[in-house]
């Protein structure tokens, strides 16, 4: 009997400790064998490590997974409860909803931060965790499929304005943030989920996820990532959503969003068909309104290239009329692929990520390159520019774009050889002679350049941006060490370039990377 129980226990341990599955606990024996003998803490029994982790703030506890292979899943074992009697995803979503509703932020057991559902029948597990900042994360990645089935994801939010409002209350409605009515407010000590992270949703879980979202009336941020098979994403009635992040969904073909409060849009993947429908709060007295998406943060990281069919379109709905006003002001043949439409939607953005090939493809001949057109100015303060090379024509494209950013303070330039390479269109060959001076520019950081010669070539084109100010250009040639452009006190020979890159320390503390780089 003892041997039988022992064999059963060993079998369970093997099932639990699958090193090939990121969401299963680690292989204890192999991870301990690879430990540093001087790492006395990691050699402690797991029960003690669980107790140590339970004493940490939630974010710090999750970060322990980066310490070593042995620590990778310890936080889940310490802070999440395993559920084995739930066999369907729908039942798991129901249990998660109940867990969130009953989550007491004041009198909560220290180790009750979420649930792990072992779904069985080859569907892997679902990890649901709640953080102290009112964030709910659903991770379906344990149920990976070799050939994912295509599916669509439709998410309808549950934050809507009243159906009928008198004119006397219309202005108040325009100013409010569309919170649920007072009767819907939960007790002050219960969890109000404001941020939802959906990881690896599949055709097996999309309907259950769609049923969950309307039950989160205080949602302000939504992240959707690594959803293989996702072809169409539709988000409707998101009048309270402030932030939307869509990352690494390789089969996505279209994305549509309907809302009025969106301030941050971050996207990484192929260029697909985008459709945005916003709301204009301007009064009828304003005849020429320039309302767009009203974004102040936009990441358009589409270095993977474009699909055959794509568009960028947005519409504005006014509360005083039932009609829609098109956000595109250009009458060119490709108006839904024109940079003018994109320009209107990112006009107020302060943090921006842009790929050179996208800008060059969409740049309309009717748009002026001159810096004397303030109606085309952007509010960008920090820019991350991505390209596959920095030949003369590519640099000209960058300098042309900078003409639209007179208030720029920080510029990051990344050369990624895997970035989509659009053959030069010649649009910018004669457009730039001397780049415009940027009075507020503090620093330029470049990375991915093959050698110092290419770095110097780039620096020569960028130095005039600083005008009479001392140019601060930092290079990260291999992603680790940093080099700072400095002016040489004495030239080796007459006519030699007076600047060179030298190794420096601690320069990164004063000039942090762009906010989008580490996403």
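Cβ atoms are placed via backbone N, Cα and C, with glycine included.
Residues 1-37 are the range that TrEMBL records as region 'Disordered', among 1-37, 38-74.
Taking DSSP states H, G and I as helix and E and B as strand, the domain 'F-box' (38-87) has 24 helix, 4 strand, 22 coil.
Across the residues of the domain 'F-box' (38-87), the predicted structure has a mean pLDDT of 83.
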